[in-house]
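S.K.: For reference, the structure I am asking about is given below.
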Amino acid sequence: MKISELGYDRAFLQLFDGNDFQLYDHQRMAIEQIRKGRNVVVSVPTAAGKTLIAYSAIYETFQRNLKSIYIVPLRSLAMEKFSELSRLRDLGLKVKMSIGDYDDSPDFIKRYDAVILTSEKADSLLHHDPYILNDVGLLVLDEIHTIGDESRGPTLETVASIARYVNPDVRILALSATVSNAMELASWLDASLIKSDFRPVPLKTGILYRDQLYLDGKRRSGVSINQIIRETVEDNGQVLMFVSSRKKAEDTARDLAQIFGSDANIKISSDETNVYDDMLNEILPRGVAFHHAGLSNDQRAFIEREFRARRIKVIVATPTLAAGVNLPARLVIVRDITRWGSDGISYLTNMEIKQMIGRAGRPGYDQYGIGLIYVSSQSSYEAAKDYLSTDPEPVVSYLGNEAKVRFNTLAAISMGLARSPSDIMKFYETTLFFSQNGKDLLEEKISASLKFLEKNGFIKQSPDLRTTQLGKVTSDLYIDPESALRLVDFFDGPADVDHAIYYISLCREIVPFNIKDDYSAMEFLDDIGLIDGDIDAAKTAIVLRDWISEASYKYLYDKYGIAPGDMQARISMADWLSYSLAKLSSIYKPEVRRMLEILNLRIKEGIREDILQLVLIPGVGRVRARRLYDAGLRSIEDVASASPDRIKAIYGFSDTLANAIIRRARTIASKEVR
C-alpha cells in the first residue's frame, strides 16, 4: 500500500514532499488498527517511520472533528515534533506547542486541532481541568518506553492513566523503541501491539576491542577509533561518539579535531560571555563539536542544527544526547559502557546502549549504519557482546515512589477525580504500576499519603475528601506538597529577598549546586539568622543571589564551576518556585506579593531591580537592558522616544535591531496609555 492509497486529501502527500512512498508493513498494520478504533502500541527501532503513523492518526482524528494531543518526555523533543507536525497546517489543522508555564488553564486546547505538550505540561494542565480530555479523540504518547525512567517516567504514566480514567473513549497511540515487554505495555493500555525489528537503514553492530574490529562476523586488525572516524568522514558520513563525562567529551572532541583540516566556516557566539564559546570555536572549524548538559540551551541547539545541516561531521557527547533529540549519524561509537554515580561505577543499561547505537544510519543519506562499542578489557568485551545479543530491559513503573504517590493523591482529590480512598485506588488501577505490582503495596502508600496530606493541612475529610485552599493552590501550581510546606515557612520570618531565595532553595525540585564554598554558605545563614539552616540550600541561595545581581555565566563558572546549562536548569526551576511563592503569599501574607513578583522576574531574567522595565521589551534580555540603562535609556518610554541613531550607537545594537526595539517599546507604551 502506498501513501496515496490511504484515501486522504492529495495535500497529505506534501507532508512527504510529494513522495508517494510504499508503506512499511508495521505502518500499514498500525493504521489499520487505528481505523478500527483500537488503541495501538508501536514498538519499532529508531527512524522506522513512526511519524507517518502519528500523522495519519492525527489527520483521521481531525476528520472526525476531534482533537489530538501529542505527548513527549522532553522540551527538545517537543520543539522537534512541533516543527514536524506544523506541516499538518497545510491540511487545515491548527497546531500548537505548549511547554512552559505550569499554571496555565487548558482552555486553549479547545482552539487547536493538534497540541504538542511535554509530559509535565500535560500533567499540569490536567491538574487544572482533567475534563478537557472529553474534547480529545487521540492521545499520542511518544517515547513511551521512557516510563521506565525513574525521573521522567512517572509523569508520562500519570498522564496516560488520567486520560484513560477520565475519558475511556480516547484513542491512545503509544510509540516506543524496541523493548522486551512491549506486550505488557499493550495489555496495560488495552491496545493492539505492532512490533517489528525492521529498519529502513540497515544497522551493522560490532565491537572495537583495543585495535581489533569485530563487525559483520569479520575481524579486522590494527584499527583505531581515529582511523574509523576519519574513514567515515572522508566518505561523507557523520559520527556520534558517546563518552561517560563532560570533561571526556570536551577532551576527546579536542583530540579528534586534530585529525581534520579547518575547512568549515562555523562559529558560535552568544550575547553573554560564555566559557564554552571559546572552547567550541577552537574545534568547530574542523567540523567537530562536543555536546553535554553543561552547554547552554542555545549552544546545544546550534550544534544540533549544524549537525543536521551536515556542517558538523563529528559530535562527542554524553548519554544525555541519546535520550533527547533525534540526531542520526552513519557511525555511532559507544566509547564508555560505564559511568560514575552516587554508588560508584556502574554499567549503562542495555536500553541506553540500544538507544545510542540505534541512532546509526541516517535515512536519505546512508545506505547502512554502523554501531560500535569500544572496550579495552576482556570483561568489558564480554559485557559488550551481551549488550549486542540481548534485548533491552523491560519497562518498569516507578509511579510507586512515595513522593509521586503523595503528589498524585493530592492531584486526584484536587481535580475532583477522588472523594474517598477507594476512589483513589480506582484511579491507580489504571496505572502500569498497579498492573505490575498489584493492590496491597498501593493501599499502604495511599494510606500514608492521605495521613501526610491531612496532617499538614492540604486536605480534609468532611466526610468526603476535599482539598484545603493550600492543597488546591499546591496542586494547581504543580509543586510537591513538601516543597509547598518549605515555601509556607517563609511567611513566618522576615520578608526579604535573601530569606525568599533560601526557602526556594530548600525545595526538593531544585538540585543543590555542588560547590565547595562552605564558608560563604555558613556566612549567608548567619546573615539571615538561620545559623543551623541547610548548608546545601544556602549554597544554592548564594548562587541565585549572584545571578539576580547580574553575574555573568562566565563569572559563575569561574567562581563556582557551574556550567551554563546547569545554571539554566536551576534558574528555570527557581523561576517557577518563586512564582509559586508569590501565589502562596495571597493566602499567607498578601502585603509581600509585589516584592515576590519582582523577585520572580529578577530570577527569570537574572537582573537587578533597576532594569525591570527594560527586559519587558521583546528582544531585550539582561545584557541589552543593562547597556540601554547605562546609556541613559532607563524606561520603556525612554526607548520608545529614542532615535534609532542613539540606540545604534550602543555596543551590540545594529540598525535593524535598534528600529525593532523602538517599535516594540512604542507598542508597549501605547497599550499602557490606553
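Positions of Cβ are set from backbone N, Cα and C atoms, glycine also.
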S.K.: Of the residue ranges 142-145, 342-345, 442-445, 602-605, which one carries the motif 'DEAH box' annotation in Swiss-Prot?
M.R.: 142-145
S.K.: Can you find which of Gln27, Gln33, Gln63 Swiss-Prot lists as binding ATP at the same site as Val44, Pro45, Thr46, Ala47, Ala48, Gly49, Lys50, Thr51?
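M.R.: Same ATP site in Swiss-Prot: Gln27.
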S.K.: Excluding Gln27, Val44, Pro45, Thr46, Ala47, Ala48, Gly49, Lys50, Thr51, please set out which residues of the same chain place their CB within 8 Å of the center of the CB atoms of the ATP site, keeping sequence order.
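M.R.: Neighbours within 8 Å of the Cβ centroid, excluding Gln27, Val44, Pro45, Thr46, Ala47, Ala48, Gly49, Lys50, Thr51: Tyr24, His26, Arg199, Pro200.
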S.K.: Limited to the domain 'Helicase ATP-binding' (31-197), I'd like the whole-number average of pLDDT.
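M.R.: Mean per-residue confidence for the domain 'Helicase ATP-binding' (31-197): 94 out of 100.
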S.K.: For Gly49 (ATP binding site), what is the tally of other C-beta atoms lying within 10 angstroms of its C-beta?
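M.R.: The Cβ of Gly49 (ATP binding site) has 20 Cβ neighbours within 10 Å.
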S.K.: Per DSSP, to which secondary structure element type does Gln27 (ATP binding site) belong, with helix, strand and coil as the options?
M.R.: helix
S.K.: Quick check on the motif 'DEAH box' (142-145): DSSP residue counts for helix, strand, coil, in that order please.
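M.R.: Once the DSSP states are binned, the motif 'DEAH box' (142-145) shows 2 helix, 0 strand, 2 coil.
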S.K.: For the binding-site residues Gln27, Thr51, which one has its C-beta crowded by the most other C-beta atoms within 10 angstroms?
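M.R.: Its Cβ has the most other Cβ atoms within 10 Å: Gln27.
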